[in-house]
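A quick write-up on the structure given underneath.
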């Protein structure tokens with residue numbers, strides 16, 4: 001399909017790496033979307049839960065990477081002029097934005113869990129009605145939504161204040177990316193705009209944001225582990241290892257991809273103009289930037305959240321899936337929260353907690 005003549009397409013090694021990365025991203029995208037469909041089939045009446053949103057973001061990000069790698073090969077061989085400018089830049093940046101949004105959303109949930117004591121007012125408004133990717137939900141409005149929400153309803157149980165910040169940050173990053181793409185497009189004409197410099201500035205700023213995100217996930221992961229180690233249970237130990245593993249994977253993978261982006265031109269490989277490349281060196285950097293920096297964290301998260309939530313009918317028949325918080329006074333609260341949320345309240349307020357079969361991640 002592709003000619004492998006010198007100066008025509010990517011070198012054979014780079015082409016093989018691109019095909020391999022495309023296959024990996026395609027597999028991850030298929031797994032994410034298949035799991036999303038299975039989850040929705042079990043609790044379609046609840047609308048768009050956080051677990052579904054997380055699978056959607058990861059699946060869409062990897063699908064975007066698949067499209068980018070495939071089109072990169074065609075563009076290199078066919079000599080698409082637009083690809084070396086705004087088109088290639090946009091398709092390179094968009095999957096990364098979705099990936100960034102997914103893990104920024106994860107960070108917002110961890111921040112909620114760590115700072116729940118400071119956000120008790122928000123909790124009363126319902127910001128913790130649904131813990132991070134939890135598998136149990138409250139039974140409400142099931143009869144009203146059964147007749148007119150048949151396929152992926154656009155309804156969220158609740159969007160907390162920090163999750164709104166995530167949406168705002170994602171929109172801002174997307175707007176910046178579109179603005180850079182427009183400037184790069186304008187730079188194709190006869191003007192003093194250097195498209196490569198514009199792309200370089202965006203890539204560097206985004207790499208710094210990814211590096212900071214990895215550091216924040218590592219810090220809050222440590223805080224969560226310190227809280228969870230005080231809970232003596234087999235489930236607490238299992239969840240603590242999940243959080244610890246995700247923290248380590250995040251900081252290592254994000255740091256590696258960020259340094260590759262800051263120190264090399266690998267993210268701008270779409271701008272390749274038949275220059276001589278060190279095939280092996282460039283291939284290793286591609287693997288480090290895309291596979292280690294994106295594919296491994298995505299696959300690790302999908303593995304952690306692989307369990308399906310209980311069906312709606314099971315939740316209606318039995319109700320051991322709620323947490324009861326009994327304060328030292330006379331009031332009591334019942335919220336279907338994760339065990340980590342309950343543990344946080346227990347350590348800080350001395351509440352007595354009855355934990356059901358729920359998992360934060």
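Every residue, even glycine, has its Cβ placed from backbone N, Cα and C.
Features of the protein shown, as given by TrEMBL:
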TRANSMEM  12-33  transmembrane segment
DOMAIN    17-118  domain 'THH1/TOM1/TOM3'
TRANSMEM  53-76  transmembrane segment
TRANSMEM  88-111  transmembrane segment
TRANSMEM  165-186  transmembrane segment
DOMAIN    168-312  domain 'THH1/TOM1/TOM3'
TRANSMEM  206-228  transmembrane segment
TRANSMEM  240-263  transmembrane segment
TRANSMEM  283-305  transmembrane segment
The transmembrane segment (12-33) in contact with the transmembrane segment (165-186), cutoff 8 A, at least 3 CB pairs, sep 6+: no
Sequence-remote partners of the transmembrane segment (206-228) [C-beta within less than 8 Å, at least six residues beyond its ends]: 93, 96, 100, 103-104, 106-107, 110-111, 113-114, 173, 236, 239-240, 243-244, 246-248, 250-255, 257-259, 261-262, 267, 293, 340, 343-344, 347
Residue numbers, six or more beyond the limits of the transmembrane segment (88-111), whose CB comes under 8 Å of its CB atoms: 50, 53-54, 57-58, 60-65, 67-68, 71-72, 75, 82, 131-132, 160, 162-163, 165-166, 169-170, 173-174, 177-178, 180-181, 184, 199, 202, 206, 209-210, 213, 216-217, 220-221, 223-224, 246, 250, 267-268, 270-271, 294, 297-298, 301, 360
Chain residues in Cβ proximity to the transmembrane segment (240-263) (below 8 Å; excluding those fewer than six residues from its ends, i.e. six or more beyond): 103, 106, 203-204, 206-208, 210-211, 213-215, 217-218, 220-222, 224-225, 228-229, 285, 288-290, 292-294, 296-297, 300-301, 304, 361
Counts by DSSP class (helix H/G/I, strand E/B, coil) across the domain 'THH1/TOM1/TOM3' (168-312): 116 helix, 0 strand, 29 coil
Local confidence of the domain 'THH1/TOM1/TOM3' (168-312) - pLDDT mean: 87
